[in-house]
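**Student:** One structure is given below, represented as structure tokens, and several questions about it will come after.
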Amino acid sequence: MAAVTWSRARCWCPSVLQVFRLQVAKLHLGRPTMRASQQDFENALNQVKLLKKDPGNEVKLRLYALYKQATEGPCNMPKPGMLDFVNKAKWDAWNALGSLPKETARQNYVDLVSSLSSSSEAPSQGKRGADEKARESKDILVTSEDGITKITFNRPTKKNAISFQMYRDIILALKNASTDNTVMAVFTGTGDYYCSGNDLTNFTSATGGIEEAASNGAVLLRDFVNSFIDFPKPLVAVVNGPAVGISVTLLGLFDAVFASDRATFHTPFSQLGQSPEACSSYTFPKMMGSAKAAEMLLFGKKLTAREAWAQGLVTEVFPESTFETEVWTRLKTYAKLPPNAMRISKELIRKNEKEKLYAVNAEECTTLQARWLSEECMNAIMSFVSRKPKL
């Protein structure tokens, strides 16, 4: 999450540096992470047997792959024949985890089983809907009309920079849209910006130890990105203005990206001593080639809308004067298409790389957790903030 906004520069002193270390470590604040021990893992194995609802074949394959990775490490079996469908599916799921460490696979297995257990014990739909609606933030607007769930970044005075609560609200909005009668979900921004990424001014209330904060942040980031990987319906970005940081890297997980000709795309990770997230270390080279991906992810090159289109990050660019009218007219037409056909087609397009995306996301979050605790990251962000750059 490389994007930062800051209200004003201040004098730096040792006490401020200590606060800043904590702020960087808490770039994402979430629920306390479980440090999955062998006992936690064994408990999760027993818990799977007690699930009241069948989680479905896709989740079963994910559980199988994580179990094998956690107990045996990277896939070491010969690839089954094409007609051995069951074992081929298992092999693909395990092999997609690549070199994911055993400890991370064990943690992911425990987290997945925990989420399955929680969902099986969830309250009735009516009560849950009322409770979840009350948790929505004014900074994320969620509306549904004409079969479209519109999710809007709504902090125009902060250039739509994302707060901790906004991350949680987006996870919730996607969860709800995945199971209701929505045909597609569309993201956009209020005001001049689409989204300026993460807002460091929200970290001043951070408490607790640095390592714990970084660990919690990695959990929230992983869950946030997984909510995009898991979304089963068409996912569209309507990029009305400049986009920075995670609002850019997430675009590789969208099914369509429509941009105004005044939009720009910027990922200043190295400038902040950080590393890519939202699976961009995988999706960007796949979309635009290694050299162009490196320009963005390593060297922080800012792309215009036309450049982003030429490199495959953007589906189509529209003149600012007609952007809203043209895009929303088209989306309303798309929303009238048979929803199950679109959902099934998306599943066919995405399913073969889904486990790969989970693995990449987990590895990126582990790497970022370490980066947030590094001196290089602390110093880079301090330098960035003190210069008050224009996004």
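Even glycines carry a Cβ here, placed using N, Cα and C.
Keep in mind it's a predicted model, so treat the numbers as computed, not measured.
Copied straight from Swiss-Prot:
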BINDING   TYR64, ALA65, LEU66, TYR67, LYS68, LYS90, TYR109  acyl-CoA binding site
BINDING   SER196, GLY197, ASN198, ASP199, LEU200  substrate binding site
DOMAIN    37-122  domain 'ACB'
MOD_RES   LYS49  N6-acetyllysine
MOD_RES   LYS49  N6-succinyllysine
MOD_RES   LYS53  N6-succinyllysine
MOD_RES   LYS60  N6-succinyllysine
MOD_RES   LYS68  N6-succinyllysine
MOD_RES   LYS79  N6-succinyllysine
MOD_RES   LYS88  N6-succinyllysine
MOD_RES   LYS90  N6-succinyllysine
MOD_RES   SER117  phosphoserine
MOD_RES   LYS127  N6-succinyllysine
MOD_RES   LYS159  N6-succinyllysine
MOD_RES   LYS286  N6-succinyllysine
REGION    116-136  region 'Disordered'
REGION    149-319  region 'ECH-like'
SITE      GLU277  site 'Important for catalytic activity'
TRANSIT   1-36  transit peptide
**Student:** Using the Cβ center of TYR64, ALA65, LEU66, TYR67, LYS68, LYS90, TYR109 as the acyl-CoA site position, which other residues in that chain lie within 8 Å, going by their Cβ?
**Tutor:** LEU61, ARG62, LEU63, GLN69, ALA70, ALA93, TRP94, ALA105
**Student:** Calculate the distance in Å between the alpha carbons (Cα) of SER117 (phosphoserine) and LYS159 (N6-succinyllysine), and round it to a whole number.
**Tutor:** 38
**Student:** Please list residues from the chain of LYS286 (N6-succinyllysine) whose Cβ is under 8 angstroms from its Cβ, counting only those at least six apart in sequence.
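**Tutor:** For LYS286 (N6-succinyllysine), the qualifying residues are GLY252.
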**Student:** Which is it, of LYS88, LYS90, LYS159: the one of these recorded positions whose Cβ has the most other Cβ atoms within 10 Å?
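**Tutor:** Per the Cβ count within 10 Å, the most buried is LYS159.
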**Student:** So of TYR64, TYR67, TYR109, which of the binding-site residues has the fewest other Cβ atoms within 10 Å around its own Cβ?
**Tutor:** TYR64
**Student:** Quick check: in three-state DSSP terms, what is ASN198 (substrate binding site)?
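**Tutor:** Once the DSSP labels are grouped into three classes, ASN198 (substrate binding site) ends up as strand.
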**Student:** For SER196 (substrate binding site), just count the other CB atoms lying within 10 A of its CB, please.
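**Tutor:** Here the count is 25.
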**Student:** Compare the C-alpha of LYS60 (N6-succinyllysine) with the C-alpha of each of the binding-site residues SER196, GLY197, ASP199, and give the closest one.
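**Tutor:** Answer for the nearest of the binding-site residues: GLY197.
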**Student:** For LEU66 (acyl-CoA binding site), what residues in its own chain, 6 or more apart in sequence, show a Cβ-Cβ distance under 8 Å?
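**Tutor:** Once residues fewer than 6 apart are set aside, LEU66 (acyl-CoA binding site) is near LEU97, ALA105, ARG106, ASN108, TYR109, LEU112.
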**Student:** For LYS88 (N6-succinyllysine) and GLY197 (substrate binding site), what Cα-Cα distance in Å is obtained after rounding to a whole number?
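**Tutor:** For LYS88 (N6-succinyllysine) versus GLY197 (substrate binding site), the Cα atoms are 40 Å apart.
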**Student:** Looking only at SER117, ASN198, which of these recorded positions has the biggest number of Cβ atoms within 10 Å around its Cβ?
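**Tutor:** That would be ASN198, with the highest Cβ count within 10 Å.
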